[in-house]
Amino acid sequence: MTTPSRKALVFIVTFVSYGLYHASRKSLSGVKSSIKADWLSNTTGHPPLFANEADAKHFLGSLDAIFMAAYAAALFFWGWLGDRLNPKYVVAAGMIGSAITLTLFGTIPKWFNFYHAPYYIVTYIAFGLVQACGWPSEIAIMANWFGKGNRGFVMGVWAACQPVGNIFGSIFTAMVLPLGYEYTFLLNSVLIAVGAVVVVTAIDSSPEDAEEHLEANSNEPHHNFHGEPISLFKALLLPGVLAYCICNACLKLVNYAFFFWLPLYLTDAYHWEESQADQLSIWYDFGGIIGSVLGGYITDKMGKRSPLIVSMLICSIGSLYFYAHVGPYMFWNALVMTTVGVTVSGPYNLIVGSISIDLGSQPALAGNTQAMSTVSGLLDGTGSAGSAIGQLLIPIIQDDLGWKAVFYVFMLLNGFAILAILKRCIIDLKSLRKLRSGEESPLLNDEEGIHEE
């Protein structure tokens, strides 16, 4: 198989595999109304798990927070380990683990009439721990196979695997939900387990691994890795990493709030059917795809990424305000929701995709190719830690102040995200101005300019 064919296969398999990671996370988000009703019911042979709807909603919020906290903590570990093990096996192990824990969480209690809050907590923590295997190692594989050329566009398209996974997760949920919410968990478990087999058998983690397989009969396999894996603390001290970690902590909270709460918001606020809410919520993810792909392409042409990310985040404040006031009109709701997706999910995908590789391969690393998974795990892990806090606060804010107050908090957080990378943005704008005036080499891109911070 030629190198372009191998690259295409790696792109497709990693895209689909991480899409399945995201689709599996969508299982609970898409059935919150159904599972909440089941927990409050006393007609299925078990006493109600909760005394009232508010308690059930708070528990759902706690589960989201517990998942994100476990996911965040594990990201630091799996990112560190991904630079020390073969990343495709880490990805596959996480997929198998996700299949097992998702079935234990959502299917087994319904089948065996076993409803206990501690059981839900333990199984969802385990789900969060194994879900974290995916992103850092997937990023490391993509960085191994794809170089600097058109990185923003390539990673912008590839990072769209997250909203694409969300879309298919919503579609799967809407299709299977009439059979019972427990089957949405089972279907996603089967799909992600099959995906793990494909990852192990279809791709290599790097071109060097591929060449080694081709030269299996040779006594001199070649490896092209340079440098040694770095510690988390050293990764945090790399230029630009801390600023983007803070930015992502704010932005991922907002992005994942839509991921976890959008269908329930639509059913609560407008009394739409849960299947309708699941289908409507995919417009947020369509917006994320548009923002990710166009953002990657534009930043490649600009040679800098932070000015566009800041511009999108500024626009997100306005789009969030309009969405809070759009009202129960499905067409307008979908339209403004798409705009929110472009301006929130779009820059998030750029940060955890293109920016993550930029930071993990910057000149300060002196050619060290074994830091990518650690840096990407650190960046996404801090974002997940921020998101975990947010999932605890959202139901409290909503109960006390209403849904509009939740959206105002999102606007404030995106303002903080802008401030976190504002210095980086100013430096990049000055560099672009010098470039236009001929004072700076046009070869200077965002990655190479990071050291100026």
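Note that Cβ sites are derived from N, Cα and C of the backbone, with glycine treated the same way.
No curator has checked TrEMBL annotations; they are predicted automatically.
If you look up TrEMBL, you'll see 10-432 marked as domain 'Major facilitator superfamily (MFS) profile'.
Taken from TrEMBL, the feature transmembrane segment covers 59-82 (among others).
The annotation transmembrane segment is assigned in TrEMBL to 89-108 (among others).
Marked as transmembrane segment by TrEMBL: 120-141 (among others).
If you look up TrEMBL, you'll see 153-177 (among others) marked as transmembrane segment.
Same-chain neighbours of the transmembrane segment (183-203): 9-10, 13-14, 16-17, 20-21, 23-24, 26-27, 30-31, 88-89, 91-93, 95-96, 98-100, 102-103, 105-107, 141, 169, 172-173, 176-177, counting only residues six or more beyond its ends whose CB sits under 8 Å from a CB of the stretch. The transmembrane segment annotation in TrEMBL covers 183-203 (among others).
Per TrEMBL, transmembrane segment is recorded for 241-262 (among others).
Positions annotated as transmembrane segment by TrEMBL: 282-299 (among others). Among residues of the same chain six or more beyond the transmembrane segment (282-299), those with a C-beta under 8 A of the stretch's C-beta atoms are 152-157, 159-160, 162-164, 166-167, 170-171, 258, 262, 305, 308-309, 312, 334-335, 337-350, 353-354, 446.
What TrEMBL lists as transmembrane segment is 306-324 (among others). Listed as Cβ neighbours of the transmembrane segment (306-324) (distance under 8 Å, sequence separation of 6 or more from its ends, same chain) are residues 251, 254, 291, 295, 298-299, 333, 336-337, 339-340, 342-344, 346-347, 350-351, 355, 403-404, 407-408, 410-411, 414-415, 417-418, 421-422, 424-425, 428-429, 432, 446.
Long-range Cβ contacts of the transmembrane segment (330-351) within its own chain (Cβ-Cβ under 8 Å, at least 6 residues beyond either end) map to 152, 155-156, 159-160, 162-163, 244, 247-248, 251-252, 254-255, 258, 262, 266, 270, 272, 280-281, 283-292, 294-296, 299, 305, 308-309, 312-313, 315-316, 319-320, 322-323, 379, 383, 414. Sequence annotations record features per position, and here TrEMBL assigns transmembrane segment to 330-351 (among others).
Residues or ranges marked as transmembrane segment in TrEMBL: 371-394 (among others).
Annotated transmembrane segment per TrEMBL: 406-426 (among others), in sequence order. Within its own chain, the transmembrane segment (406-426) is flanked in space by residues 240, 243-244, 246-248, 250-251, 253-254, 257, 306-307, 309-310, 313-314, 316-317, 320-321, 323-324, 344, 390, 393-394, 397-398, 453, which lie at least six positions past its ends and keep a Cβ under 8 Å from the stretch.
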